[in-house]
Amino acid sequence: MRLIAENLGGERGGEAVFSGVGFALDQGQALVVTGPNGSGKSTLLRIIAGLLPKAEGRLLLENGGDDFPSIASACHYLGHQNAMKTALSVVENLRFWRDFNGRGDSGVEEALDTVGLGGVGHLPFGYLSTGQRRRAAIAKLLVSHRPLWLLDEPTAGLDKASEARFAGLMAGHCAGGGMIVAATHLPLGIEGAELRMGVAG
């Protein structure tokens, strides 16, 4: 499987944010997108996820097979918002995302244990602290089983121990043949190529 971007351009509010972006990402690889605020990091991820239209260029997924015929079917996007219902329990939220992504055999409790939230699955999501909410959102990645993780500032709200745990999860995902595109202004603790946005020329 290979994700390819050629001469991509993005807009926000009708104004060009970036242009000429290109990269190729193979299974087992990560791409870390850096740059100042307003340089288009989030816009790029949303374009890859299919949440925003691209202004120009080409974006395609090669060799996804029958399981992943498109980028949308292959990716799970973790944005600034955790995309969890505050009134539902943590387990109910994760079951929704597991079923929505067609992976009904995934272990929700196991995912919670992996992110250090074992024992809180029965609580309403709204009861959790900021860091716990982010870890619960990270657990969505584990129950969705999508090969392409699109991560926008994924460690926001995490303490150092949780950051280290997540770095291990990302490394494990890539070691298993997964791919990651992560936008960040903080070190993520993973090996990968860097794409710096907002650089003249």
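Note: Cβ is positioned from N, Cα and C throughout, glycine not excepted.
What Swiss-Prot records for 3-200 is domain 'ABC transporter'. Under the heading ATP binding site, Swiss-Prot lists G35, P36, N37, G38, S39, G40, K41, S42, citing sequence analysis as support.
Comparing the binding-site residues G35, P36, G38, G40 by how many other C-beta atoms lie within 10 angstroms of each C-beta, the top residue is G40. Each of V17, T43, A183, M197, G198 belongs to the same chain as G35, P36, N37, G38, S39, G40, K41, S42, is absent from that list, and has a C-beta within 8 angstroms of the C-beta centroid marking the ATP site. With respect to Cβ neighbours within 10 Å, the binding-site residues N37, S39, S42 differ, and N37 shows the lowest count.
Taking the Cβ of K41 (ATP binding site) as reference, residues of its chain lying under 8 Å away and at least six apart in sequence are, in sequence order, V33, T34, G35, D152, A183, T184, M197.
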